[in-house]
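Taken straight from Swiss-Prot:
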type	residues	note
DISULFID	Cys34-Cys62	disulfide bond
DISULFID	Cys41-Cys66	disulfide bond
DISULFID	Cys49-Cys61	disulfide bond
DISULFID	Cys55-Cys70	disulfide bond
DISULFID	Cys81-Cys109	disulfide bond
DISULFID	Cys88-Cys113	disulfide bond
DISULFID	Cys96-Cys108	disulfide bond
DISULFID	Cys102-Cys117	disulfide bond
DOMAIN	27-73	domain 'WAP 1'
DOMAIN	74-121	domain 'WAP 2'
SIGNAL	1-24	signal peptide
Amino acid sequence: MRIQSLLLLGALLAVGSQLPAVFGRKKGEKWGGCPADDGPCLLSVPDQCVEDSQCPLTRKCCYRACFRQCVPRVSVKPGSCPQDQLRCLSPVNHQCHKDSDCSGKKRCCHSACGRDCRDPARG
């Protein structure tokens, strides 16, 4: 009975270590996404982190102002944003900044003239 318990525990640990890969996340990568980065580039600032595991609790290692830093993560809805093949002729105008700004299943996606709420691409 003891050997069976040890084998079961070993199998559970092996499967558990593969869960991030199965669900599309790297080991140490936290749930959620990075907030939109609309700030100007600060090229002389060194990265404050390289991966999520270096950030406290609910923060993720994200690009902000062209360098990586620990920032509060945002929720991300399922699906991917559709490709936009247009070029913008007017000033950039963001109608949203994160998925939670959009109703229902819509995602906050980059478009030719800024970000707006769109239905996820089918695929």
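FYI, residue positions are counted from 1 along the chain as it appears here.
Cβ atoms here come from the backbone N, Cα and C positions, even for glycine.
Every protein chain shown contributes to the tally, and the Cβ of Cys109 (disulfide bond) ends up with 21 other Cβ atoms within 10 Å.
When each of the disulfide-bonded residues Cys55, Cys70, Cys88, Cys96 is scored by how many other Cβ atoms sit within 10 Å of its Cβ, Cys88 comes out lowest. Shown are the disulfide-bonded residues Cys41, Cys62, Cys113; of these, the residue with the fewest other Cβ atoms within 10 Å is Cys41.
A sphere of 10 angstroms centred on the C-beta of Cys108 (disulfide bond) encloses 23 other C-beta atoms. Here Cys61 (disulfide bond) is positioned 17 angstrom away from Cys41 (disulfide bond), judged by their C-alpha atoms. Taking CA atoms as the reference points, Cys62 (disulfide bond) and Cys70 (disulfide bond) are 6 Å apart.
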